[in-house]
């Protein structure tokens, strides 16, 4: 078709460079702000994208920064994990303390005489409140974080041991044991989660096993 025929039928001829260059598109089409408008303007296709995406999304982005996985030195990681696992030590002390306390209180010349029923309560008091402490700990771990939960768990430990040390009757002794049992549930789980998040994969298993070993040390 020559230029005369094109003019007769109202067809405007363009060069190949103008046809392929994006700037040759009319201004009202270049002002489209979404992928669906751009697709309809350039290709006249009857489809709808799943979502409207801005031009910046489809353009090449800057090179992602390299995040080094092992920025912290290995000794610092080990020290941090052992510090968290050390919470298992008072847990072992609380569990094993009844084996020493009950025989002493069952002697004839003791400051706090107890019955067999009371001795059973002293031994099992810490275990009875562990489920309650576990539920509270699950909320605190998400609310305060792992480290802050460990710090908070030290408070009932201290209070419980002070009440046991200053007790002059069975009721105060049992209350101290209950509070110690509540604290016993607040430490091990956050400590293990913290070690899992901090430790390197090649050290994680060994560092997690430190906690039960320290618990056994507390029992001794």
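Note: Cβ is positioned from N, Cα and C throughout, glycine not excepted.
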Of 54-75, 120-141, the range TrEMBL labels transmembrane segment: 120-141
Feature transmembrane segment in TrEMBL, mapped to one of the ranges 34-52, 148-166, 167-185: 148-166
Integer average pLDDT (0 to 100) for the domain 'Major facilitator superfamily (MFS) profile' (76-220): 87
Intrachain neighbours beyond the transmembrane segment (148-166), with Cβ under 8 angstroms and 6 or more residues off its ends: 84, 87, 90, 94, 97, 137, 140-141, 172-173, 175-184, 186-187, 190-191, 194
